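Written out below as structure tokens is the structure these notes cover.
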Amino acid sequence: MVDERKDGAYGTPQKYDPTFKGPIYHRGCTDVICCVFLLLAIVGYVAVGIIAWTHGDPRKVIYPTDSRGEFCGQKGTKNANKSYLFYFNIVKCASPLVLLEFQCPTPQICVEKCPNRYLTYLKAHGTQEFEYYKQFCVPGFKQNKAVTEVLRDGDCPAVLIPSKPLVQRCFPAIHAHKGVLMVGNETSYEDGHGFRKNITDLVEGAKKANGILEARHLAMRIFEDYTVSWYWIIIGLVIAMVLSLLFIILLRFLAGIMVWVMIVMVILVLGYGIFHCYMEYSRLRGEAGSDISLVDLGFQTDLRVYLHLRQTWMAFMIILSILEVIIILLLIFLRKRILIAIALIKEASRAVGYVMCSMLYPLVTFLLLCLCIAYWASTAIFLSTSNEAVYKIFSDTDCQAVGKTCNPENFSSSSEFHLCPGAHCQFAFYGGESTYHRALLGLQIFNAFMFFWLANFVLALGQVTLAGAFASYYWALKKPDDLPAFPLFSAFGRALRYHTGSLAFGSLLLAIVQIIRVMLEYLDQRLKAAENKFAKFLMTCLKCCFWCLEKFIKFLNRNAYIMIAIYGTNFCTSARNAFFLLMRNIIRVAVLDKVTDFLFLLGKLLIVGSVGILAFFFFTHRIRIVQDTAPPLNYYWVPILTVIVGSYLIAHGFFSVYGMCVDTLFLCFLEDLERNDGSMERPYFMSPTLKRLLNKTNRKPAES
């Protein structure tokens, strides 16, 4: 291998230091100013949380509210026994006003049960059925008005139709029968007074809102699948955890063999996937409807229909074949580098074996991240629900007063009511005009920024802790005799005691870029309707640039934290030294480090693929543990995708420790080559396998 050490634009190589024996224990605090800023920001974050919890009410998100802003089905309120929200004219919910005001421009009341029959106000008026009809009128309604006055003032709905509750709202019971859209059991209803048009309008409105209703129907079916399969999903995740742990243990003792077995297994798994796709493609030949293209079929909520198309399996087969070819070519051209990568993995296996508690540290990171997510989510909910109820004037007619704020208590005697006789004063949204309400958007941005900062700080703390422990292993000349006691706890204590400011600095840089990316995504969503092509191009360029910047900062931070763990220098110095060290060895960085990442990726794919195939055969009833083990599902891809994603996250958690170990040992390995030459005074600290692969040796003392 070419020796890349030379002076130049990327600094000078590390000099030999006879006192250097690994991570420096006698060090001072770094980046104290950033530490102070972090503490002040946390105090402010706690203050924002207290203010939000004081003013907020999460029930506004969970429970529906009627036209007066009162909750449905809440204990201690007048609507305690009325759990469902009923719309007088749900057709108006398809109005564009819903997107602007987040409220249907029709009276809404809380009811005990959704209507279960066809009934018009005119037919019910003066009959025994009026007692049933009256429960769907506004609270306190008295039958002292003419029919036309009641309908004009919106005291009662013009017609009731059979409805079913969905997320505590009453929606028409619409279904298809022999290609005809039906409401309840009838396509229409007419009582001789012209009310057939109301039902027709309702069905037409339902057609307009079909997309919303289908989306909700899909969400409800997915929720049902989770309720009947959650315990099998947990079993699948436990299997993934056991496989990951077993893989790590085997890697400890059989690193070389395991890596090659892993490579072969991934190739075989992809090969089986190609074979299975080909068999399904061949099986569908000649079946009716199997030659329909994906474009012609369009989007379908039931994704199982795509598995009946030959084009779907052809696409799967092509994708898997491309992956198979890429992996085989990489293995052919990088086979020599793989040997060195395997040596690094073997060294990492020994390091993890001597610091076994490092495998449990991801649980600490996971718990701290859960705490950050829970605080951010609860604060965001309380902030979004800390507004006051705002009432506005709604009317079907063109009136100047429409959209103005109003008071429902005295609206009937106000000038706006006389100006717009058919108008209603009803709850519109939650807002406010106070200083606090005007600052809510800024508080939400601060909440998101603090979440990114603290989450990145937690990840940085884990990286510095693991790097310090594994660096102690590498720089122990006689392993494990020279390894300090409790290296992981020592590294954790050093990170918190001396380098909180440096971790805050690195995580702050990353949080700034991430919050900018979030704001760009928000602006992009708001500007989607714009036809300015230059603005769209500029937005795309900005999003791409900040994505690349985030990836670079993550890479730089990771290596800077390793330097901090070893030398105890501040963030900027550590980042500079790490960057220059990597640039002086750019070939090794581009090949060895990335080949190792590639091998770990194959390990993750092997675990995820194995668990995913097992889940596929189980939830599609291809295999059974006992009779009828798998639960009946609406969409079997729901638990399968959940198991696959969860398995990847679990495998990533285990392999992240190995990844940090390899990165740390890699930087230590590069410094070892620069600091030492294999002489008695300057022996190499690397493993015998690495020395043999690099043609390096430690000279033995001359025999007398």
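Positions of Cβ are set from backbone N, Cα and C atoms, glycine also.
A quick note: this is a predicted structure, and the numbers were derived from the prediction, not measured.
Listed features, source TrEMBL:
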type	residues	note
TRANSMEM	32-53	transmembrane segment
TRANSMEM	230-250	transmembrane segment
TRANSMEM	257-275	transmembrane segment
TRANSMEM	313-334	transmembrane segment
TRANSMEM	354-377	transmembrane segment
TRANSMEM	450-477	transmembrane segment
TRANSMEM	498-520	transmembrane segment
TRANSMEM	560-583	transmembrane segment
TRANSMEM	595-620	transmembrane segment
TRANSMEM	640-670	transmembrane segment
The transmembrane segment (640-670) vs the transmembrane segment (313-334): 3 or more CB pairs under 8 Å: no
Folded-back contacts onto the transmembrane segment (354-377), same chain, C-beta under 8 angstroms, at least six residues removed: 49, 245, 248, 447-448, 450-451, 454-455, 458-459, 461-462, 465-466, 469-470, 473, 479-480, 483, 487-488, 653-654, 656-657, 661
Remote residues contacting the transmembrane segment (450-477) - C-beta distance under 8 A, at least 6 residues beyond either end: 20-23, 38, 41-42, 45, 347-348, 350-351, 354-355, 358, 361-362, 364-365, 368-369, 372-373, 375-376, 483-484, 487-488, 490-492, 494-496, 499, 503-504, 506-508, 510-511, 514-515, 557-558, 561-562, 564-566, 657, 660-661, 663-665, 668-669, 672, 683, 685-686
Which of 32-53, 230-250, 257-275, 498-520, 595-620 contacts the transmembrane segment (560-583) most, counting Cβ pairs under 8 Å: 498-520
Contact ranking winner - 32-53, 257-275, 498-520, 595-620 against the transmembrane segment (313-334), Cβ under 8 Å: 257-275
Within-chain partners of the transmembrane segment (32-53) [C-beta distance under 8 Å, separation at least 6 from its ends]: 375, 378-379, 382-383, 386, 436, 443, 446-447, 450, 453-454, 457, 500-502, 504-505, 508, 571
Positions whose Cβ lies under 8 angstroms from the transmembrane segment (595-620), at least six residues beyond its ends: 229, 232, 236, 239-240, 243-244, 247, 259, 262-263, 265-266, 269, 327, 330, 334, 337-338, 340-342, 344-345, 629-630, 633, 636, 639-640, 643-644, 647-648, 651-652, 655, 658-659, 662, 666
